[in-house]
Amino acid sequence: MPLRLQPRGAGTKSAAASAAPPAASSSSSTALTAEATAAAPSPHACSTPPSPPPAPRDPAAGPKPLLRWDEVPDDFVECFILSGYRRLPCTAQECVASVLKPTNETLNFWTHFIPLLLFLNKFCRLFFLSGRDDLPFHHPWLLPLWCYASGVLLTFAMSCTAHVFSCLSLRLRAAFFYLDYASISYYGFGSTVAYYYYLLPGLSLLDASVMTPYLQQQLGWHVDCTRLIAAYRALVLPVAFVLAVACTVACCKSRSDWCTYPFALRTFVFVMPLSMACPIMLESWLFDLRGENPTLFVHFYRRYFWLVVAAFFNVSKIPERIQPGLFDIIGHSHQLFHIFTFLSIYDQMHYVEEGLRQFLEAPPSSPTFLGTVGYMILLVVCLGLVIRKFLNVSDLCKED
């Protein structure tokens, strides 16, 4: 067992025994023996039998104490978090029980488990209790919403799983966080699918009959936007697919020792798929999006405000950077990161639902199974192959 994993005091006795000096002489040894014999009580001097020595305590019988940063492997150490670490390895039962104990992972779990329940309730009402009798939950028009819902729920569920069971073993810890990165990429692509069918068709920016005269008026010369817009529509999902796979690869590689700033890299990498929402931002700059779709305008920009705040805490490691050890259990940056990412997805849910409502009023085209669920299944296969490749690498990497 590595020295970092040994409990304190392990090996002390053997070290002391090996370092003990030899006997000075046979005479002194004889004298000590005689003295010990004289001092020892006679077996008939006392009628009370000696008490048996206490049985050694089984360390697995009681709860395992929490550890400090210098008592756990380096892959477990979080920046500026000094205490509250669980012992490695833990059993699955101990991992589950730890969500009710004050560890530095407890609120990491609850700040995504509670949102998971909220979104699960929201999607159940949206699919099954919406009152649309003429539109069952398996209708093709709802396929993009299924893709989006699976991404949201999988992201929160995988984050909870990674934070709870990360102390089973080093290999499983890496596997869970690889799956966590993959679920975020899956969610990002599911969001793009929902945008593609529910939001983008309603934008003037992607309407050639609007953009062609607009550019002619602004630039003074005729520009036919039909082919350009058609090319964008044809490429947006394949490009988002490639970005999802590339982001997962980059985040998995960030757990290796060569990566000096893994948190900054992961934050930057997951910002890349958000570029798929650029048409909405351009729409607000070029046209009156606030007046035409106030729900989209307000919730879209508020969502990106929450994302900026979440990225700030994830990269800066504030407040624990300012006072290491004070926020080990409550209030450290990863918990704040979880809270603000939840708020951003909550705002996103509002304008995706509004886009669905407008889509159902006048659907421009019916989503296909291959163009929605087919893409998601193919992405799962690709992300699974990526994770399998990294798990086969013996170089286990840094903590999230």
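Positions of Cβ are set from backbone N, Cα and C atoms, glycine also.
As annotated by TrEMBL, Zn(2+) binding site applies to His163, His334, His338. Marked as compositional bias 'Low complexity' by TrEMBL: 14-48. Summarising the annotation, TrEMBL assigns region 'Disordered' to 1-64. If you look up TrEMBL, you'll see 109-129, 141-165, 177-198, 230-251, 263-282, 366-387 marked as transmembrane segment.
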Would you please pick out, from the binding-site residues His163, His334, His338, the one with the fewest other Cβ atoms within 10 Å of its Cβ? His334
With an 8 Å cut-off on Cβ pairs and a sequence gap of 6 or more, do the transmembrane segment (366-387) and the transmembrane segment (230-251) reach 3 or more such pairs? yes
Applying the under-8 angstroms CB criterion, which one of 141-165, 177-198, 263-282 scores highest with the transmembrane segment (230-251)? 177-198
